[in-house]
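Structure record follows, encoded as structure tokens.
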């Protein structure tokens, strides 16, 4: 009698147990048994006849016939017997999941439906606030030092232009001479910052930052001693040397400042840079007011002594800064030295560089001509003049964090932000002139609106330009490390310096020659050029770049064949497997260009690839 007939007869006579049926349909020992069968068979009722069951079991264990698969009909069904009353084994969902893994949709549903443990009620914060509070102690300390140094350095720099011309005239200097002395700061910045940025990795970020802050404080104190030098050539030479040394020190500290931000805050670089811009604008807004009060109390030297001493004292705080690289950070494998030629050869980065130049030229033009050409005609008091003069920097300090937050949230849209901020800057100078041909005259309300738009627009151009320059450099394949950060920071400071130098030396000549309205129209044309250049890039190259990014996205699952020649046989190729969950039980293996439908169980069992992971054979 065959084993199948024996089992059938045993079931009909009640002498065989249901456990015999389960043992008969169980897969062979070399295949892993399906879990959940034992738990089900233990719940089946046992038979009263043990002798017949033992004999039948002995026949079944001899291995007669091949094992029945899950799709094979049961013993009774093969002989045409009604088996509706018999319990049929059906693998449960839990058994399938233990063998094949949990489906992706179920994983998501279980994660979403899992109740959270009870916890103390706390005030909900936004994502940005959580990221802010997740800064480490090292990052908080570095942020404090960076913002403090930026504030004191900007405060010391803004002391010289408002109060030095009067002292220079007392020493017998003409307007051309003291204008050249003031402009040497910007010219030196343009010349030295690219070299400092290139050699920042050799100099050391911490050494450059600390020495720059210390030398800047010493030069600020020396600026207060200029009133004791004799008139003539000695006074001019010493003043030029002090300005050159002060500009070099500021170039060291500002370049290292930017490198620290890029290393320690890679995901919040735009936000932190915007905070430093806010500190700089606040210092430039309140610096002349505070220094004017100090000069009335102690003369020309007192504000320089106070701010210089404060910067020298900050050097001790800078000595406590952490090393150049974050603790525990792995050294980058790509240790190539980044050169200025590599950075400037990137086509897309010149949008940010031209934006740097034109925005600083606009600031220089406005700082020289705002009071004599715009505000003086209204006959305002000195307090109101100072308030309107600082309105631009105040609005800039408020708008810079917003631009930084926007650039961090939408890193692929930095050029869009440059375009929007250029529109605001264009509108501000269009109304401030007013542009030749407009049928209205300048009023106090128009000036306030123009200065407010100018602060928002120039702030956006500066912040979005820096972030876009870093993004273009890294996207071109340059190593994202201190050398690149220093090089970009050096170029940014250099181009900003040449923009201020040309505007301060050339805007006065243009105003005297063609007038303020036509000169402001030239500034409007500069921002129109930035708008057209950025818009053209977004229309022509933006779509191409987005299409390239879509094509370069990795697939969620499949097999990729790596070979030098498509004519080689598949057996000689390197195959990478990336298993992924699908709603059905079939996965697709792509070999070359031919899709091969293969059961998911086969892929995981024979290639040894666990769910949602990759392997190679």
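The chain as shown is numbered from 1 upward.
Placement of Cβ uses the backbone N, Cα and C atoms for every residue, glycine included.
TrEMBL labels come from automatic prediction, so no person has curated them.
What TrEMBL records for 17-33 is compositional bias 'Basic and acidic residues'.
Taken from TrEMBL, the feature compositional bias 'Low complexity' applies to 38-57.
Per TrEMBL, region 'Disordered' is recorded for 1-102.
TrEMBL lists 140-164 (among others) with the feature transmembrane segment. Same-chain residues lying 6 or more positions outside the transmembrane segment (140-164) and placing a CB less than 8 Å from one of its CB atoms are 178, 181-182, 185, 209, 213, 216-217, 220, 223, 239, 243, 246, 250, 253-254, 257, 260-261, 264-265, 272, 275-276, 279-280, 282-284, 287-288, 290-292, 295, 300, 303-304, 307-308, 310-311, 314, 317-318, 320-322.
Outside the transmembrane segment (176-196) by six or more residues, the chain places 157, 160-161, 164-165, 168-169, 203, 208, 236, 239-240, 243-244, 246-248, 250-252, 254-255, 340, 486-487, 489-491, 493-498, 500-501, 504-505, 508 with a CB less than 8 A from a CB of the stretch. The transmembrane segment annotation in TrEMBL covers 176-196 (among others).
Taken from TrEMBL, the feature transmembrane segment applies to 208-229 (among others). Proximity of distant same-chain residues to the transmembrane segment (208-229), defined by a Cβ-Cβ separation under 8 Å and at least 6 residues beyond the stretch ends, is recorded for 149, 152-153, 156, 159-160, 167, 171, 196, 200, 235, 238-239, 242, 245-246, 248-257, 260, 299-305, 307-315, 318-319, 321.
Per TrEMBL, the feature transmembrane segment maps to 235-260 (among others). Nonlocal intrachain contacts for the transmembrane segment (235-260), taken as residues 6+ away from its ends with a CB within less than 8 angstroms of a stretch CB, comprise 142, 146, 149-150, 153, 157, 160, 164, 168, 171, 173, 177, 181-182, 184-186, 188-189, 192-193, 196-197, 200, 203, 205-206, 208-209, 211-216, 218-220, 222-223, 226, 229, 273, 276, 466, 482, 485-486, 488-490, 492-493.
As annotated by TrEMBL, transmembrane segment applies to 343-364 (among others).
Residues annotated as transmembrane segment in TrEMBL: 384-405 (among others).
TrEMBL lists 417-435 (among others) with the feature transmembrane segment.
Positions annotated as transmembrane segment by TrEMBL: 521-540 (among others). Within the same chain, residues 348, 351, 354-355, 358, 361-362, 365, 415-416, 418-419, 422-423, 425-426, 429-430, 433, 435-436, 461, 510 sit at least 6 positions outside the transmembrane segment (521-540) and bring their C-beta atoms closer than 8 Å to a C-beta of that stretch.
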